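**Student:** Okay, these came from Swiss-Prot:
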DISULFID  34-43  disulfide bond
DISULFID  63-69  disulfide bond
SIGNAL    1-17  signal peptide
């Protein structure tokens with residue numbers, strides 16, 4: 001009896017289930033954090049894509065005069 005109920009449920013699930021369409025690619029909006037509703041700090045406001053981003057930190061070799069590193 002239990003086996004018949006399980007078979008009936010499996011058959012009903014197979015008939016009711018709809019095929020799912022898949023995509024071969026991920027849209028850019030899905031991986032762009034700045035395009036979401038709450039962009040993290042550092043994202044440019046909408047419409048400012050043409051502007052150059054401001055550098056966060058200036059470049060430094062990590063070597064100062066006190067360490068007597070080799071000069072270029």
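Just so it is clear, glycine is given a Cβ too, placed from its N, Cα and C backbone atoms.
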**Student:** Express the distance between the Cα positions of residue 63 (disulfide bond) and residue 43 (disulfide bond) as a whole number of Å.
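**Tutor:** The Cα atom of residue 63 (disulfide bond) is 31 Å away from the Cα atom of residue 43 (disulfide bond).
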**Student:** 43, 63: which of these disulfide-bonded residues has the sparsest Cβ neighbourhood within 10 Å?
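**Tutor:** Each of the disulfide-bonded residues 43, 63 was scored; lowest Cβ tally within 10 Å is 63.
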**Student:** How many Å separate the Cα atoms of residue 34 (disulfide bond) and residue 69 (disulfide bond)?
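**Tutor:** Cα-Cα, rounded: 40 Å.
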**Student:** Whole-number answer please: how many Å between the C-alpha atoms of residue 69 (disulfide bond) and residue 43 (disulfide bond)?
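**Tutor:** Answer for this pair: 37 Å between alpha carbons.
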